[in-house]
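Colleague: For 5-25, 118-138, 147-167, 197-217, 277-297, 303-323, 348-368, 391-411, 424-444, 479-499, 567-587, 607-627 (among others), the entry in Swiss-Prot reads transmembrane segment, with the evidence type sequence analysis. The site 'Interaction with FhuD' annotation in Swiss-Prot covers Thr182, Thr184, Glu304, Arg390, Ser515, Tyr517, and the record cites experimental evidence as its basis.
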Amino acid sequence: MSKRIALFPALLLALLVIVATALTWMNFSQALPRSQWAQAAWSPDIDVIEQMIFHYSLLPRLAISLLVGAGLGLVGVLFQQVLRNPLAEPTTLGVATGAQLGITVTTLWAIPGAMASQFAAQAGACVVGLIVFGVAWGKRLSPVTLILAGLVVSLYCGAINQLLVIFHHDQLQSMFLWSTGTLTQTDWGGVERLWPQLLGGVMLTLLLLRPLTLMGLDDGVARNLGLALSLARLAALSLAIVISALLVNAVGIIGFIGLFAPLLAKMLGARRLLPRLMLASLIGALILWLSDQIILWLTRVWMEVSTGSVTALIGAPLLLWLLPRLRSISAPDMKVNDRVAAERQHVLAFALAGGVLLLMAVVVALSFGRDAHGWTWASGALLEDLMPWRWPRIMAALFAGVMLAVAGCIIQRLTGNPMASPEVLGISSGAAFGVVLMLFLVPGNAFGWLLPAGSLGAAVTLLIIMIAAGRGGFSPHRMLLAGMALSTAFTMLLMMLQASGDPRMAQVLTWISGSTYNATDAQVWRTGIVMVILLAITPLCRRWLTILPLGGDTARAVGMALTPTRIALLLLAACLTATATMTIGPLSFVGLMAPHIARMMGFRRTMPHIVISALVGGLLLVFADWCGRMVLFPFQIPAGLLSTFIGAPYFIYLLRKQSR
C-alpha cells in the first residue's frame, strides 16, 4: 500500500518535470533561435536585442525561480518541523506581512534606491520576529504560543498594510503586483546576491540537523535527550525567518509553496528530516519553475499575471487531488504548556454581565459620536434622524461578530488545531471571490447581486472541501488543508484582480476589508433571522463539541459516528461564516481570536466557551465599527480592519500574561 501511495505523487512529479522542461524549451525557442542559445548564454552580442534579453532576463529568471522555490521548500520544512504543525509555512510567523509592510512604507514615502526597500523588508520581518519571540519566550517558545502570536502579529501588519492601501490606493498600485510575487529580472544581480545567502542558510540548517530532528518529538522527550529546547527553537526559527525575508526581498510574496512542498515530500515517502529537506527543496524549485514558465507563455498569448497567483492556482488543485492519499497528520495539542485561568464558575453571571456590557456598547454606538461641531450625545429627534444610518451598521457588526466567533469556536473544537478559523477554511475567501467575479461579469451596478454571488461562492467552496476531505474520511486536518488551499488560491486571484488596475476593484476594496458601509435594514433583518436559527441549532451539538477535542479514538469509543458528525459541524460553521461574510465582507480576525480570548479568560467547557466567544466577537465588532466611524471622522475605517487593531493588542497581552 505504501508503495502505491508513494508511486502516485512520484509519477505526478515526473509529469510536472516534463511539462516544465517542454514549456521552457518552447519559451526559449520563441525568444531566440536554438542555434544562438550557446552564444547568448556565455557572450551575448550587444547588437542583437534578442540575445541580450535571453542572457539578462530569461536565464536569470529561470535561475531565480529555481533558487526561490528551493528556499521556500526549505523554510516550509523548518517551520513545520519546529512548530510541529502541518499548516505552518513561511507566512505563519508574520515574516512575509512584516516585510510587505516595510516595502509599503518605503513606497509611500518614496524613499529611493533598491537597498532602501531591501533594508525595509528585512527590518519589517525582523521586528515581527522579535515581537513574536518576545511574547512566546516566557513559555519556552512553545509551538502553540508561537503560532498564535505569529498569526496575530501577521494579521496586525496586514491590517496596517490594507489601511494604507485604502487611503493611498493610487500611490500603492504597483504594490499589488509585488505582493503576489514577480520574478522579472533585468540582470544577474539578484541571482548573484541570493545564491550565496541561500547556500549559507543550507549550511546552517545542516548544522542544526540533530536539534531539528529532536524538535519533531515531544518536548519532554527532547529535553530528556539533552536538547536545550528554547535555544534550539530560537536558532531554527531565526534562521527560517531570515531566509524567508531574503526570499521576500528577492521576488516579493509567493505563497503556498512553503505549505505544499513539505507535504508532497512526505507523500513521496520522505519520513526522515534530511531526505525531507532535500526533497521539499527540489519540489519547491520545480513548482516555481513550472509556474514561471506558464507565466512567460501566458504573457505571450494573453497577458502578464503574477507568479504567486499561478503558483497558487497550480498548487491548490494538486493539493486537493492528493489529499485523499495523505496519511494521518497531527497538530500540537492546544493545551500543551497551557496555563490559562482556572475554569470559571458562575457562568450565568458572567454571561449576563457580558450581555449588559454588549447592550451598553450598542447604546453608546447609537447615541455617542461626532459631527461637524464636535462630540455629541444624540437623543430625541436627532437620534431618530440618525437611527436609519447607524442602526443597520451596528446590528450588522453585532450579528457578524457573533456568528464568526461561534463558527471559529466550532471549527477549533472540531479540528483541535489552534490555527483553525472560518477564514482558514476558505469559505470567506470563496464568498468574496464570488462577489468580485460577479462585479466583473455583470454590467452596471452589480451590488444587487452581492448576496447570491457570495452565497454561491461560499457554497461551491464548501462543496469542494467536502469532496476533497470526504475521500479521506473527513479527517479534520484534511478539511483544514483543503480550506487553506482554496483560501490561498482565492486570495491570490483577488490580489491579481487588484493588480489589474480595473476601476471596479476600487468599489469592492472597502467591502473586502470588512466594512459595514452598505448594510441595510432588510439585510440586517435577514441576517438576524438566519443567525437566530443557526445559534438555536448550536446547543444541540454540545455533546459532539465536548467529545471531539479528545480525539477520534475517544469519540468512537463512546459511540459517536465521526464522519456524519464532522459533516454536520462543518455545514453549521460554513453557514455561520457565509451569512456573516455576506453581511459585512470577509473579515480576518474575529473568528480566529474570539474563541481563544474566551478560553484564556477561563471558559473552556463547551457551552460557556461558545457563549462568551459570541459575546466577545459581538462586542469587538460593535466597538470596531464605532471607532471606524469616529477615529478619522469624516473618513471611515472598515470594521474588519479596526477589529484587528483593537483585538490584537489585547490578545497579545493575554498570551504574554499566560507566559509569566
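Glycine is no exception: its Cβ is also placed from the backbone N, Cα and C atoms.
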Colleague: So among the recorded sites Thr182, Thr184, Ser515, who's got the most Cβ atoms within 10 Å?
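Modeller: Top count of Cβ atoms within 10 Å goes to Ser515.
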Colleague: Where the distance is taken from Cα to Cα, which of the recorded sites Glu304, Arg390, Ser515, Tyr517 turns out closest to Thr184 (site 'Interaction with FhuD')?
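Modeller: Closest by Cα distance to Thr184 (site 'Interaction with FhuD') among the recorded sites Glu304, Arg390, Ser515, Tyr517: Glu304.
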Colleague: Work through the recorded sites one by one (Glu304, Ser515, Tyr517) and name whichever has its CA nearest to the CA of Arg390 (site 'Interaction with FhuD').
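Modeller: Closest candidate to Arg390 (site 'Interaction with FhuD'), judged by Cα separation, is Tyr517.
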Colleague: Hey, would you say the transmembrane segment (607-627) packs against the transmembrane segment (277-297), going by three or more CB pairs under 8 A that are 6+ residues apart?
Modeller: no
Colleague: Could you check whether the transmembrane segment (479-499) packs against the transmembrane segment (348-368) - three or more CB pairs closer than 8 Å, residues at least 6 apart in sequence?
Modeller: no
Colleague: Grab the same-chain neighbours of the transmembrane segment (303-323) for me: Cβ-Cβ under 8 Å, and only residues 6 or more beyond its ends, written as numbers and ranges.
Modeller: 8-9, 12, 65, 177, 179-183, 251-257, 260, 263-264, 267, 287-288, 290-292, 294-295, 464, 468-469, 471-472, 478, 481-482, 485-486, 488-489, 491-493, 495-496, 499
Colleague: Among the recorded sites Glu304, Arg390, Tyr517, which residue has its Cβ surrounded by the fewest other Cβ atoms within 10 Å?
Modeller: Glu304
Colleague: Report, in whole Å, the straight Cα-to-Cα distance of Thr182 (site 'Interaction with FhuD') from Glu304 (site 'Interaction with FhuD').
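Modeller: Roughly 10 Å, rounded to the nearest whole number.
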Colleague: Counting only pairs 6 or more apart in sequence, are there at least 3 Cβ pairs under 8 Å between the transmembrane segment (277-297) and the transmembrane segment (5-25)?
Modeller: yes
Colleague: Would you kindly list the residues that approach the transmembrane segment (5-25) from elsewhere in its chain, counting only those six or more residues past its ends and only Cβ-Cβ distances under 8 Å?
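Modeller: Counting only partners 6 or more residues beyond its ends, the transmembrane segment (5-25) has Cβ contacts under 8 Å with 62, 264, 267-269, 283, 286-287, 289-290, 293-294, 296-297, 318, 322, 325, 327.
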Colleague: Taking DSSP as the reference, which of helix, strand or coil describes Arg390 (site 'Interaction with FhuD')?
Modeller: helix
Colleague: Where Thr182 (site 'Interaction with FhuD') and Ser515 (site 'Interaction with FhuD') are concerned, what is their Cα separation in Å, rounded?
Modeller: 30
